[in-house]
Amino acid sequence: MILGPDGILNRDTRGDWVRLRTLILLRWMAVAGQLAAIVVTDWYLGVRLPMGLCFMAVGASVIANVIATFVFPQNRRLTEFQALMILLFDLTQLSFLLFLTGGLTNPFALLILAPVTISALALELRTTVILGAIAIGLLTFTAYFHLPLILADGSSLSVPRMFEFGFWLAIVIGILFLGLYSRRVAIEIRSMSDALLATQMALDREQKLTDLGGVVAAAAHELGTPLATIKLVSSELAEELSEQPALRDDAELIREQADRCRDILRSMGRAGKDDLQMRQAPLGEVLREAAEPHVGRGKRVEFDLYPSRGGDERQPVILRRPEVIHGLRNLIQNAVDFARSTVWIDGEWTGDRIAIRIVDDGEGYPPAIIGRIGDPFVRQRRAEESQSRRPGYEGMGLGLFIAKTLLERSGAELSFANAADPFLRSHERPERCGAIVEVIWPVDRLVVVRNAPLGENVLIQT
């Protein structure tokens, strides 16, 4: 994986994603189509084509494919320049065929869109612009310079200049439109893939930390007896070596280090104990656990938990799922980062849903992008404002995307809004005047069912 400043994957390496085998297969399809069109046109329609030159043009593609197949490995990844050269060869070969077969009077001139579309989907913008400009240039050349199509009666096929110009204009517009549209779709797919990869990495990290805690707890339990034995033996040696100060000091040092190991394992075991009972907790405890890393960052974090109409007075006991904690933590981090002084975390529950609202007293979300919050790589703040509040933060919206994806995976619905009009004056704004995030779960997706089994039975070996 190649890291870069523009995201998870450096955009400059996109050409490395194109496989040579993919372009070879596409070229074989083009060769088959060209041969079929040439044979049908000459034999069935009776159009007189320069068959030798046409087969020579198609043969050039066949030779290039055979060389690429036998010389290079099938899993060869192409650089940006190599992919450009291959597509440029295909574009030139197709233009030569159009030159031989009537230019724009040949309806297959539409196929000149294919190399540009492939470039827009797989390569960089600069490469696509170059290839598109060359395609328009070659198309214009074949419009003026081409061999006429000779029909069976010996006459040449001609079309009105207005029709030929309209066909040329349609293909040029198609090159521009399909290039831009395909480019936009490719960027959206790549951004979403990168953000989903980052989400999966964050969730995997959280899961590994949880698993590591269980391993540490087990290690602390298993090492308890050996450490107790070491401490007992070292204490007895220290008493017996009272007349040999040097050896006695060594025995006491061993005992002290055994005590130190015991204390370390005990603290780690408490932090990472993977008891099934600890996989569930009251709603308030889960919210405090999610907010814990950001409570001491100079902003006041207030919790308010209450039942709504029809809700039980007791807090619901919910699952401590890693994606829920990590997602809420990202939302709380964003609120703390941009709050002036206070962040409010409200928990509300009824008989069929659980709602959590995170509100701050900052400036709120920019109105221009509030409908796009949660999309990957959306810049939410100006660079200078973001840097003053969050040093080293580039504001790409990836944190909110990760939070949104993780929480939606757990069955939640998220909504983003501003608590007050961002254009109000400071003295006119209410206390809760910043951004609002509301997360709502159906009860059955989050609440622990009473009397339900905690997990699979563990085989007890004797």
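The backbone N, Cα and C atoms fix where each Cβ goes, glycine too.
Topological domains recorded in Swiss-Prot put Arg48 on the same membrane side as Leu98.
Counting same-chain residues at least six beyond the ends of the topological domain 'Extracellular' (46-51), those with a Cβ under 8 angstroms from any Cβ of the stretch are 38, 100-101, 147, 149-152, 157. Within the chain carrying the transmembrane segment (26-45), a Cβ under 8 angstroms from the stretch's Cβ atoms is held by residues 51, 54-55, 57-58, 61-62, 64-65, 90, 94, 97, 101, 108, 111, 114, 118, 152, all 6 or more beyond its ends. Put simply, of 52-70, 79-96, 104-123, 165-182, the stretch with the most CB pairs closer than 8 A to the transmembrane segment (130-149) is 104-123. Across the topological domain 'Cytoplasmic' (71-78), the prediction's mean pLDDT works out to 79. Taking DSSP states H, G and I as helix and E and B as strand, the topological domain 'Extracellular' (97-103) has 5 helix, 0 strand, 2 coil. Across the topological domain 'Extracellular' (46-51), the DSSP tally of helix, strand and coil residues reads 1 helix, 1 strand, 4 coil.
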